[in-house]
């Protein structure tokens, strides 16, 4: 069965802390526990999946490896990180969970087998690879060569895990099901078979090349086509490029998760780009031209009209990002802000003071004049109301 992303399984963000992981695990383990869902195979699978995800993400080293390589970091053997059984921390939660099950408890009998046979064909796990690209690369598209470790079928034993001339035998403990059920007080607990570790079969004479796992780890090189117009967080699926299946099962898929590096000039909103550009006080007052960058590496000229104010926006049509799988292209918006001069010389100060003395407040600064006029009217109105 294909493995989902562990963070997705627990329903938490990749930045989730220990407390958030523990809370999510507790909630899901209670929801999918077999004693609350008797005979529900889907709940049984999810219960096992939740436990495996928590055992990985609650361990610092395993979590770091998983964040970098996904399921490929633990590709030796079936069942994921730490094996398919229950980890030590799981027992700490079970007492709390069992308290909530008391009303639904079912008296258990002797150990017994349950579930489908584990020894059949099994699809390989899906893999995740995080790829970071620049905004320019998202604009043009690119072909990226990646290298990743992954599990492939052992060529020596053809995936059986057994040495040439021998073959696995059915596990006598679980009868080939891979799981056993045992009574514990009022509760019946299902767990991975301790004898075959969930495989449903025993390999008496394991293959020397893979140690009985049926798969070996190899580093593969793949070419990934990143189309123009991709956005941050986009997922690219490469079918059949995940881990090899077990016992003749199909391979899983490889998912490329894209992230785009922050750009020093441009901010992106869909297919549109935004760029803040400083202009001088003189250019803003008298008009002029400025040269601005474009995402394709070129430059273009923007005409600044006289009297331009801070945050004035100019639209450059068709200078933004391409729309993914479309001929449409976004726009580039240039937002200017007027830079107040600093470290003025004596003569510059005199010129500015002369300008201020010879100008009309209403003509030169209509916004300021209008604002202070409205303030005066407001307070005059308050004074008139007080006298009345």
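Along the chain as shown, the residues are counted starting at 1.
Placement of Cβ uses the backbone N, Cα and C atoms for every residue, glycine included.
Marked as domain 'J' by Swiss-Prot on the basis of sequence analysis: 5-70.
The zinc finger annotation in Swiss-Prot covers 141-219, and the record cites sequence analysis as its basis. A mean pLDDT of 84 is what the model gives for the zinc finger (141-219).
Residues or ranges marked as Zn(2+) 1 binding site in Swiss-Prot: 154, 157, 207, 210. Other C-beta atoms found within 10 angstroms of the C-beta of residue 154 (Zn(2+) 1 binding site) number 20, with every protein chain shown included.
Residues 167-168, 203, 206-210, 212-216, 244-248 of the same chain lie 6 or more positions beyond the ends of the repeat 'CXXCXGXG motif' (154-161) yet place their CB under 8 Å from a CB of it. According to Swiss-Prot, the feature repeat 'CXXCXGXG motif' maps to 154-161 (among others).
Neighbour count (other Cβ atoms within 10 Å of the Cβ, all protein chains): 27 for residue 174 (Zn(2+) 2 binding site). Taken from Swiss-Prot, the feature Zn(2+) 2 binding site applies to 171, 174, 193, 196.
What Swiss-Prot records for 171-178 (among others) is repeat 'CXXCXGXG motif'.
Positions annotated as repeat 'CXXCXGXG motif' by Swiss-Prot: 193-200 (among others).
Annotated repeat 'CXXCXGXG motif' per Swiss-Prot: 207-214 (among others), in sequence order. For the repeat 'CXXCXGXG motif' (207-214), the DSSP-based tally of helix, strand and coil residues reads 0 helix, 0 strand, 8 coil.
In this structure the C-alpha atoms belonging to residue 207 (Zn(2+) 1 binding site) and residue 196 (Zn(2+) 2 binding site) are separated by 16 Å. Broken down with DSSP, the repeat 'CXXCXGXG motif' (193-200) shows 0 helix, 0 strand, 8 coil.
Long-range contacts of the repeat 'CXXCXGXG motif' (207-214) within its own chain (CB-CB distance under 8 A, at least 6 residues past either end) are made by residues 76-78, 153-157, 159-164, 246-247.
Taken residue by residue, the zinc finger (141-219) breaks down under DSSP into 0 helix, 35 strand, 44 coil.
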